[in-house]
Amino acid sequence: MGGTLAWTLLLPLLLRESDSLEPSCTVSSADVDWNAEFSATCLNFSGLSLSLPHNQSLRASNVILLDLSGNGLRELPVTFFAHLQKLEVLNVLRNPLSRVDGALAARCDLDLQADCNCALESWHDIRRDNCSGQKPLLCWDTTSSQHNLSAFLEVSCAPGLASATIGAVVVSGCLLLGLAIAGPVLAWRLWRCRVARSRELNKPWAAQDGPKPGLGLQPRYGSRSAPKPQVAVPSCPSTPDYENMFVGQPAAEHQWDEQGAHPSEDNDFYINYKDIDLASQPVYCNLQSLGQAPMDEEEYVIPGH
């Protein structure tokens, strides 16, 4: 009974003493003044969406544990940690880091707690080359499980092609694809032209001047007579194009005499004329015979020329 009572009295003292071994973390507000000086040994800036300054160092010379988790940081500027000589634990979990400065990795006494990320490859290489007798480096996955950093990098971050090489491969693939598409099209068009040309050459053509079948063309015939000297034509008295014109049936013969010379039967023309009332009326007239122009040339033209 006395032993139980003694343990009951000593347990709170032991717990209080064990808690004093861990540094008490000071939780900062969202509005952090980087010009202020922090005297605490543990600073908690977790989840404040902070942006670390690149041109000045954190004024916390006594800090041992610095928690920067959950701030969306993509890099850790080496200037920010320049005066943190006592820093032993740096927590940058839940930050999408893309680069870790080599000078920070060269601090062999610094324990980095970070997500498993290929950006830690430089940290791993510098530690391996400069820090001997170190424990295996660890990283954390999304379920907060620990993994060996070397094993993670070997499996998930195998050396790949350089950006220029990848670009060249992509361009070459596009060119090959274009040639693969254009090649058959050009070959098909050349084949069609060759077949059409061979068909034209195999057709039996007639004589050079003869008509070519299928084209609907006719040969050109022409004959031109030598220019004839102009012969003076005796002038004849001008006569009207008509002498008599009547509407309806012609009257008696004496009516022709009253108008002038008797009409010649060879020069008579008969025209049916319809008046406004659409009644047919015969029209008689006498026209002087017109001479035909001499046919100086005969020419037969091929259609299309």
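Each residue, glycine too, has its Cβ placed from N, Cα and C.
Here is what Swiss-Prot records for this protein:
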type	residues	note
REGION	204-229	region 'Disordered'
REPEAT	39-59	repeat 'LRR 1'
TOPO_DOM	21-165	topological domain 'Extracellular'
TOPO_DOM	187-305	topological domain 'Cytoplasmic'
TRANSMEM	166-186	transmembrane segment
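Long-range Cβ contacts of the repeat 'LRR 1' (39-59) within its own chain (Cβ-Cβ under 8 Å, at least 6 residues beyond either end) map to 23-30, 32, 65-73, 76-77, 79-84, 86, 91.
Each residue in the topological domain 'Extracellular' (21-165) gets a DSSP state, and the totals come to 32 helix, 26 strand, 87 coil.
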